Amino acid sequence: MKITIFCLTILTLSITFGETNEDVKDGSLKEMDEMSLLQELMSVEAALVEKEMKAEAEENRDSREKRCWGLNVPCENENSPCCKPYVCEKTTGYGWWYKSPYCVRKGSG
């Protein structure tokens, strides 16, 4: 009888403390899972922020006004980037001397 009571007491204590140890293990596993999820979330957030910054830089680069050539600047052909009031034309004043068209006002050459 004493042995039975002793065995039941040990069994009860082992079950009680065994569950406590499992709770501690579960708690530490949950913390580790939370930390890994947090690190994963931070890496995803960093990637999204980097992507957004690249998109913003791309947008700023595309929205910048393109450079154009001013009055009396030599141009190569009609598709050269003369500024808006000017066009690339062969002129009688400069074209015959330098043998290239120039950016001039529309209708002046």
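Every residue, even glycine, has its Cβ placed from backbone N, Cα and C.
Note that this is a predicted model, so its numbers are computed, not measured.
Swiss-Prot lists 1-18 with the feature signal peptide, giving sequence analysis as the kind of evidence.
According to Swiss-Prot, the feature disulfide bond maps to Cys68-Cys83 (among others), an assignment based on a curator's inference. Annotation note: Cys68 (disulfide bond) sits in a coil segment as assigned by DSSP. Around the Cβ of Cys68 (disulfide bond), the same chain contributes Pro81, Cys82, Cys83, Lys84, each under 8 angstroms and 6 or more positions distant in sequence.
The secondary structure of Cys88 (disulfide bond), as reduced to three states from DSSP, is extended strand. Around Cys88 (disulfide bond), a 10 Å sphere centred on its CB holds 20 further CB atoms from the protein chains shown. Marked as disulfide bond by Swiss-Prot: Cys75-Cys88 (among others).
Annotated disulfide bond per Swiss-Prot: Cys82-Cys103 (among others), in sequence order, evidence recorded as a curator's inference. Over all protein chains present, the Cβ of Cys103 (disulfide bond) has 22 other Cβ atoms lying within 10 Å.
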Close in space, distant in sequence - Cys75 (disulfide bond), Cβ under 8 Å, 6 or more apart: Trp69, Cys82, Cys88, Ser100, Pro101, Tyr102, Cys103
All-chain count of other Cβ atoms within 10 Å of Cys83 (disulfide bond): 13
